[in-house]
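Q: Sharing the features that TrEMBL gives for it:
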- Tyr284, 296-300, Trp339, 342-349, 440-442: FAD binding site (BINDING)
- 274-293: compositional bias 'Basic and acidic residues' (COMPBIAS)
- 14-152: domain 'Photolyase/cryptochrome alpha/beta' (DOMAIN)
- 260-293: region 'Disordered' (REGION)
- Trp374: site 'Electron transfer via tryptophanyl radical' (SITE)
- Trp427: site 'Electron transfer via tryptophanyl radical' (SITE)
- Trp450: site 'Electron transfer via tryptophanyl radical' (SITE)
Amino acid sequence: MASKVKVKVGKGDAVVYWMRMQDMRIHDNRALSQASEYARLHSLSLIVLFILSPQDYIAHDRSARRIDFTLRNLMQIKNSLAKLDIPLHVITHSPRKTLPERVTTTLSDWNASRLFANVEHEVDELRRDLRVYELAQRTGKAECTFVNGKCILPPGTVLTKDGRGYTVYSPFLRSWIPHLTDTPDPLACAPDVESNDATVRQHPIFGQLFNSAIPEYMEGYELSKEDAEIMCVCWPAGEAAAQEILLRFLHTKARPAQFGAADPLSPGASEPKSGPKDSRLGKYGDARDRVDADTTSRLSPYLAAGVISARECVRATRALSEGKHSKVDVSRDTGVGRWVQELAWRDFYTHVLALFPRVSMGRPFQEKFANVSWETNESHLQAWKDGRTGVPIVDAGMRQMNKMGWMHNRLRMVTAMYLVKDLMIDWRLGEKYFMETLIDGDLASNNGGWQWSASTGVDPVPYFRIFNPYLQSKKADPSGDYIRYFVPELAKVFGDEIHNPPPRCAEKLGYPTPLVKHDEARQRAIKRYKNPGDV
Ligand code: FAD
């Protein structure tokens, strides 16, 4: 989409920044920063608009947790903006089809001459923005500027020699890294947002917007009291919380995780500082695949909602790169290097979504696997969702996600592959359930992860390389502590048996026996992938 409309519009009274559920921050927010700069230069009032769109949430299988997180962050943002004399106006709009008209009418009501927003790369969202752009152009009243804010490097900037999007991660990464040291610096922080003139509070229309209410919950997306409490403890809202979690990852040691509501993830939890080599980040290269300690950053809910920018995360690692302050250390064998590479996966999948949008429309990227025969076993699907497959590591992962709205990356791969290759259930059903349950649900990363596991995506695991969940379990949770916590039926099982309890022992403990035999299921999957269409 072009970034500027070439229509002459009047000065108007206001500039609008349209915040969406993927850029919920004030700091280092490019569209907001540009809106603020424009308002300052032209002596206009800056207004922030947020539209809750229930039909979009249904269409994208948004989880109630993600919606709740959105509302909690909005509360924080409203307070922070109010300190800058900037009103945040929140509206709820249905049906989604008429949302562009609602936006342009709102611009008219406020006599706004400019609209700024960060691009959302999902197809429906791009169509919506295009319509807003066209409507604004047609009325000639407002110019629209859409800015790339989600990724470290915007889609379309990292291309193969013949100008195509990469479909394999390693060459993408090799091409992505040199961009980080470009001039102008793509990691540069967006300038701070400036206050409105305080008289905006006396303005007959804009002054009222300071009273705009943020709903406590959205109909159909209410959390139970217990779930709401767990979400608040594990995932506190706001930019300050995200910063604390980043600092905790950079400067403190990983320790055996305590899961669930008791997990002291909250930013207040004081932990002694550690040296750069011992910190979670320092150890990330070796320790990141362990699920029995909190070795990873757990920033994904904040990155998915844009409460912290991915650029900010990379910038924070720069200062730690042994004196090379201007460079980002992305070499493979350091913690910093590995972590930045994970952030590059996020860019990679967003670029794939933007450049090959069919992946988000229920299509496998590799069309040759479009006709793989899937089982339609409802009870197996339900057992997988409930964490009752009889494979402890799969069940522990699923129960952690059901409880916390988050799961470790290794277990997302293990549980996804188990559904697709062991139970032979369509990956799209798993993709949907993850989106409905995760607090960090992100269409690009979730689809990328699912299509990787199902061997149907860009750069996927080959279809015949099927994880053995029992071996994965021994590597990821050698002591079995993680399993024992999330699968309390097995709390008294120790040694190797925790990974694959003998049937008699499982039965006695009220734990299910495995739904399928892994070796047989593996053979079935290989056969079906080799000959799509065969049953
Ligand atoms: P860290 O290890 O600290 O990594 C830092 C950040 O890098 C993450 O927060 C995330 O933004 C990004 N990142 C790390 N690994 C990946 C990856 N493989 N793909 C894309 N980005 C990555 N991530 C989501 O944010 N939302 C999802 O809906 C999502 N669904 C997934 C589904 C499947 C089947 C799989 C295999 C992976 C999925 N991921 C998803 C990616 C990854 O599992 C999570 O980002 C990660 O577990 C988050 O934990 P963290 O913040 O501690 O990550």
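Every residue gets a Cβ built from N, Cα and C, even glycine.
In TrEMBL, annotation is done automatically, which means it is predicted and not curated.
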Q: Going by Cα-Cα distance, which of the recorded sites (Trp374, Trp427, Trp450) sits nearest to Ala344 (FAD binding site)?
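A: If we rank Trp374, Trp427, Trp450 by Cα distance to Ala344 (FAD binding site), first place goes to Trp450.
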Q: Which sequence positions outside the compositional bias 'Basic and acidic residues' (274-293), separated from its termini by at least 6 residues, show Cβ-Cβ distances below 8 Å to it?
A: 248-257, 317, 320, 332-339, 342, 397, 408-411, 475-479, 481-482
Q: If you run through the compositional bias 'Basic and acidic residues' (274-293) with DSSP, how many residues end up as helix, strand and coil?
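A: Counts, helix then strand then coil: 8 helix, 2 strand, 10 coil.
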Q: Go through the recorded positions Arg298, Ala344, Trp427, Asp440 and pull out the ones with a Cβ less than 6 angstroms from some atom of ligand 1.
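A: List returned for ligand 1: Arg298, Asp440.
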Q: Can you tell me which of the recorded sites Trp374, Trp427, Trp450 is spatially closest to Asp440 (FAD binding site)? Compare CA atoms only.
A: Trp450
Q: For the recorded positions Tyr284, Trp339, Trp374, Trp427, Trp450, which one has the sparsest Cβ surroundings, going by other Cβ atoms within 10 Å?
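A: Each of the recorded positions Tyr284, Trp339, Trp374, Trp427, Trp450 was scored; lowest Cβ tally within 10 Å is Trp374.
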Q: Run through the Cβ atoms and count how many others sit within 10 Å of the one on Asp440 (FAD binding site).
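A: Asp440 (FAD binding site) is surrounded by 23 other Cβ atoms within 10 Å.
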Q: Sort the recorded sites Trp374, Trp427, Trp450 by C-alpha distance from Asp347 (FAD binding site) and give me just the closest.
A: Trp450
Q: Of all the binding-site residues given, namely Tyr284, Arg298, Trp339, which is spatially nearest to Trp374 (site 'Electron transfer via tryptophanyl radical') at the Cα level?
A: Arg298
Q: Rounded to a whole number, how many Å is the Cα of Trp339 (FAD binding site) away from the Cα of Trp450 (site 'Electron transfer via tryptophanyl radical')?
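A: Taking the Cα atoms only, Trp339 (FAD binding site) lies 21 Å from Trp450 (site 'Electron transfer via tryptophanyl radical').
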Q: Using DSSP and collapsing to three states, where does Ala344 (FAD binding site) fall: helix, strand or coil?
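A: Helix, per DSSP.
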Q: To the nearest whole angstrom, state the Cα distance for the pair Tyr284 (FAD binding site) and Trp427 (site 'Electron transfer via tryptophanyl radical').
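A: Given the Cα positions, Tyr284 (FAD binding site) is 29 Å from Trp427 (site 'Electron transfer via tryptophanyl radical').
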Q: What is the interatomic distance between the Cα atoms of Trp427 (site 'Electron transfer via tryptophanyl radical') and Trp450 (site 'Electron transfer via tryptophanyl radical'), given in whole Å?
A: 6
Q: Between Trp450 (site 'Electron transfer via tryptophanyl radical') and Arg298 (FAD binding site), find the distance joining the two CA atoms and give it rounded to the nearest Å.
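A: It is 19 Å, counting Cα to Cα.
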Q: For the domain 'Photolyase/cryptochrome alpha/beta' (14-152), how many residues does DSSP put in helix, in strand and in coil?
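A: Each residue of the domain 'Photolyase/cryptochrome alpha/beta' (14-152) counted once, the result is 69 helix, 31 strand, 39 coil.
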